[in-house]
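Take a look at the structure set out below.
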Amino acid sequence: MEELKHIHPPPLYTQGCYLAHPTQPHTLSPKPNKNTKSHCFTCGKQVSISGRGFHYHCTICDVDFHESCRTVPRKILHPFHLQHPLFLTNGKDENIIDRSNIEDQGSSISDPVKSGWGNIFDNCTWCGKFIPTPSSNPRMTVFYRCSICNFCLDTMCAQRIPPLTIENPKGHHHSLFLFPRPLLVPCDACGLVNASEASYACFQCNYIVHQNCVDLPRIIKITRHPHRLSYSPYLSPPNPLCRVCYKQVDIKYGQYSCKMEDCSYVLHSKCATHVMVWDGKELEWESEELEDTEDIAPFKNVGDGLIDHFSHEHHLKLEKYDSVRDEKKQCEACVLPIHLHDFYNCMQCDFFLHLVCAGLPRKMDHALHNHSIILDPSPLPNDGKLQCSACSRISTGFKYRCSQKDCQINWFKIDIPCLLIPEYSTNKVHEHPLFIAPYNYDHEPFRCNGCKRGLTNNRLQCTLCDFFICYECATIPNELHYKHDEHPLTLCYGEDTEGKYWCEECEKEVNPSEWFYTCNKCCITIHRKCLFGFYVYLKPGYSFKYNYRDMAEVYGNKSSTRPVCSCCEDRCRGSIYFKVDVRTLCSWCLLESR
């Protein structure tokens with residue numbers, strides 16, 4: 001009990017374990033959550049998920065409970081099954097069932113396993129989720145069942161008590177009544193079938209809707225579109241495409257659309273109100289004049305070709321690119337080489353900006369975030385949080401961050417290369433248009449067609465076929481210069497050939513089916529990793545978190561006697577190397593050990 005001194009002493013519960021027979025109650029003892037991986041016998045979740053730092057344990061039954069789960073009723077009458085009472089059981093131990101209550105109902109139940117019920121109770125009748133059985137999980141959770149019609153309800157669904165009637169709903173002019181069956185037809189408000197969600201019906205209008213769709217907002221604003229969007233219960237033909245998921249919108253069901261003249265922007269209800277798309281603010285009673293339309297210019301013209309940029313203390317001068325003079329210069333915003341582009345050059349120090357990067361707005365909306373984002377030109381040298389939310393690369397360049405202090409996704413930040421990808425565009429890598437898919441709605445596994453790595457959320461997706469590409473692959477240049485070669489290298493998206501290629505940089509074989517850089521005129525092939533790498537967006541003088549615990553410091557590799565890598569024991573190649581504690585690592589070894 002020493003570990004519980006920092007909290008209020010929890011009480012003992014003499015009759016807390018509902019597995020015990022009423023005549024022989026078991027005492028529940030509090031136990032600290034520290035270093036425990038056990039699961040709650042009632043809900044199946046880890047007992048460590050508790051705000052008070054402790055849970056309850058029955059030493060006789062050897063089971064654990066959350067404080068809120070330690071006492072559950074043995075018999076309930078639930079809105080999801082109003083015909084008959086439901087009794088607590090685990091599908092095996094009939095002692096859990098209140099026999100007296102069953103007999104009061106005129107039912108005689110034998111052992112559920114012997115009667116064949118053990119094969120019936122595999123899934124919750126309402127949500128369809130699997131309920132562990134004695135054979136599949138000895139530490140199974142309990143659930144409710146009907147002794148008359150084999151209806152099962154897991155404890156999570158049992159805790160959901162929807163009202164029987166909704167008076168004055170926002171989306172309908174009549175009262176709505178609970179539909180006490182899983183809804184197996186499309187919801188009139190969103191057009192989706194979701195059997196696990198409670199539904200309500202207006203029988204005189206033949207209108208049926210999910211509980212979460214009853215009060216959909218009437219007017220919203222999202223960062224993907226400059227105008228407000230209004231909810232409509234139906235649309236006129238033809239069926240348009242949703243501008244978030246690019247799937248067809250069924251005009252028979254509710255959706256959001258722009259009411260501006262000559263604007264045909266339409267979204268599915270669920271796409272428009274998703275937490276990653278909409279900020280949760282309803283604008284039905286707010287004037288459009290009150291919306292923030294602040295637009296601050298990133299620089300001021302102070303003379304012929306001279307600007308005063310907000311990110312730098314000195315004036316910047318517009319320059320033409322010179323291959324000899326400007327070969328090793330990097331843009332401070334995107335950290336990419338200045339190659340072949342006009343750029344702004346500081347007249348007093350080594351500060352350079354591409355012409356395009358200098359004109360980036362200080363505040364803007366972007367499809368990957370539900371709030372406006374602001375440009376942050378100055379990541380701190382020891383920030384440690386230099387990772388882009390879209391591509392996961394570490395970058396010391398400019399980033400856009402969320403403008404809202406209370407944003408629930410406050411870690412969101414996006415670097416300049418990812419920011420410049422259009423929401424809907426064509427790309428040389430694929431024959432069909434690609435669009436920004438902001439969230440993995442169906443939690444399906446995706447694999448990038450470029451690097452072959454698994455994808456989680458942010459990706460570009462084909463509108464017509466199963467083609468996916470991550471932001472890292474989408475933002476590497478199609479053409480770049482290598483050392484002092486006369487011709488630029490071009491990105492090859494893989495080819496079907498039996499010939500062998502060898503990397504000019506590491507002298508290892510190149511897999512022709514993977515992406516690589518090549519120059520056919522010079523007969524050069526280079527691994528994408530060897531040429532571009534993961535850390536090309538870093539500049540010396542910064543540090544970032546490495547392997548979730550250590551800090552890696554970035555150093556410029558400009559010395560004629562390059563340092564030796566502590567891992568591969570070769571001289572560090574590339575323009576930078578790293579120090580982690582007392583170790584020196586080249587960028588290749590640091591990448592492999594992440």
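All residue numbers here begin at 1 and follow the chain in the order shown.
The backbone N, Cα and C atoms fix where each Cβ goes, and this holds for glycine too.
Note that the structure is predicted; figures quoted are calculated from it, not measured.
For 25-69 (among others), the entry in TrEMBL reads domain 'DC1'.
The domain 'DC1' annotation in TrEMBL covers 171-214 (among others). In the predicted model, the domain 'DC1' (171-214) has a mean pLDDT of 90.
Marked as domain 'DC1' by TrEMBL: 224-272 (among others).
Per TrEMBL, domain 'DC1' is recorded for 310-358 (among others).
Annotation comment: TrEMBL describes 368-418 (among others) as domain 'DC1'.
Among the features that TrEMBL reports, domain 'DC1' is placed at 429-474 (among others).
Look at the domain 'DC1' (483-530): DSSP puts its residues at 3 helix, 17 strand, 28 coil. Taken from TrEMBL, the feature domain 'DC1' applies to 483-530 (among others).
Long-range neighbours of the domain 'DC1-like C-terminal' (553-588) within the same chain, counting only residues 6 or more positions beyond its ends whose Cβ lies under 8 Å from a Cβ of the stretch, are 396, 505-506, 529-530, 533-535, 538-544, 546. Marked as domain 'DC1-like C-terminal' by TrEMBL: 553-588.
Annotation: stretch 310-358 has the most Cβ pairs under 8 Å to the domain 'DC1' (368-418), among 171-214, 224-272, 310-358, 429-474.
Comparison of 171-214, 310-358, 483-530 by number of C-beta pairs under 8 angstroms to the domain 'DC1' (429-474) places 483-530 first. Using a Cβ-Cβ cut-off under 8 Å and counting only residues 6 or more beyond its ends in the same chain, the domain 'DC1' (171-214) has close neighbours at 79-82, 125-129, 157, 160, 162-165, 231, 233, 249-250, 252-255, 268-270.
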